[in-house]
């Protein structure tokens, strides 16, 4: 479906403005008076909004066919990184199994999530400084290099290094897809088009299992990961070419006549200095230190041989102490930084911080059931590689279908909050089902886990992307990229927290449960480190397999109980969201206005009690 089905052609809204072919709702970005947080008048149009101005110019030159090609290009890229992410999740499990370090899955996931959290706002700033096209190129470099390092690794350390590099490229392209959608759509149509990068999951859910199984039968997990170093750059070409042609067209039309590149304005040395402050390099380092040094040791301290003395070892204790010591430094630095990583002025908006709370809590809760879902399916449910891969993808499948249909509904009703609140409540119901169906070989257990994952996906479709769209309505266009980046950063912080807590529970409880079940420390270490190898020689029906199955089910039950508890703050955050009426403009006219102005008028209108209720409900 073309973007024109919901959007006016840009030229239709430009008649009253001096700049030709620029949408009316984006004209303020090209005006010299536009302001963004933390910017000085000398730099605001040269550096901080350079990328925004260029996408405005590109947007003004996109006709109906061009927009269709852009969205098709986004779909193709998303199909590639979505399928890669689904199968890589499985291959990652087999990679750690091959190194006899299967329990380090959570450590790898924590590292990836922490790096992703730091990369999101950084990528958003790069997007605004240099442009959308340049960010695609940067993402390709990181994506390809990280993939090659992972595929050629001969140990878990090299694999972790490759995973981190790959995650930076993956994070950049995911952010870019959502930012481009926000660039080209109105607030009321944005939810529907936001699901274009997610739509490939509808297909990938069913083909990923076949691809994973076929690759593992024909070759090794190394090639299963390595082939994406070739596929991904090729899939990026249509979008790159389309944006480049539109940019050249804008230059010929004179729309970019007043545009000066940051490099031309500052020179190489001056630009490097300005970028150092604009990207808040020190803030990024401190944020990575805080999360990585605190969270990673929690996943490393467990295992069969774990004792209270383990927590006193230097490699566990020292990072924890340093990480906690970095917290006050990070807060003070962000308060004093010229261009803070976290724009505190935006965080005063309830519609923004409540949305960030949902993003963090959503992934925190999801990882409680999802971090070790694949090994639970293979061991405790005795599912095949194909079946287990498909079941782990059911959440995304149901979420995308639900969210896409919801996007059409929201276009008509112009409201987001009611669906978000209902989705958060349904999320809790899904966790109740997951507690009940946590393992078993029977048909009822099989149907139960499938039903639970589908309900979880439906609920996610009702509030994950809608919350992102809601947060974007609270800011003007020049701040959309950074707000989207921060939203996705909190999303990844939730992933890191979920991976850490689930990893800590898994590594602290499962080894001891297995040891109790089999009564042999050496055998327990073998099962815990390489479960996929062990189950080959211990099929369902043997006493040892049944005992190990119960151990896996017990731990999964604990994980899901923690997840259902996290649904309580999730619901509270959803109630605290604002409930704006969506329009046909790129951003709402009252975006970023002082909240107290509106709350005060409501109090006068209907009394203090009614004003509070109205404010509470949005």
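Using the three backbone atoms N, Cα and C, a Cβ is placed for every residue, glycine included.
In TrEMBL, the annotation region 'Disordered' applies to 589-611, one of the ranges 566-588, 589-611. The range from 281-304, 473-496, 497-520 that TrEMBL describes as transmembrane segment is residues 281-304. Between the transmembrane segment (418-439) and the stretches 68-87, 155-177, 227-246, 394-411, 558-577, Cβ pairs under 8 Å are most numerous for 558-577.
Within the chain, the transmembrane segment (189-207) has long-range Cβ neighbours (under 8 A, six or more residues past its boundaries) at 3, 6-7, 71, 74-75, 77-79, 82-83, 86, 174, 177-178, 181-182, 390, 393-394, 396-397, 399-401, 403-404, 406-408, 410-411, 416, 465-466, 468-469, 472, 584.
Counted over residue pairs 6 or more apart, the CB atoms of the transmembrane segment (130-149) and the transmembrane segment (316-333) come under 8 Å in fewer than three pairs, which marks the two as apart. If you look at the transmembrane segment (316-333), the same-chain residues 6 or more away from its ends with a CB under 8 A from one of its CBs are 282-283, 286-287, 289-294, 296-297, 300-301, 310.
Residues 2-3, 62, 143, 170, 173-174, 177, 180-181, 184, 193, 196-201, 203-205, 207-208, 211-212, 215, 224, 228, 231-232, 235-236, 238-239, 242-243, 389, 392-393, 396 of the same chain sit 6 or more residues outside the transmembrane segment (68-87) yet have a Cβ under 8 Å from a Cβ within it.
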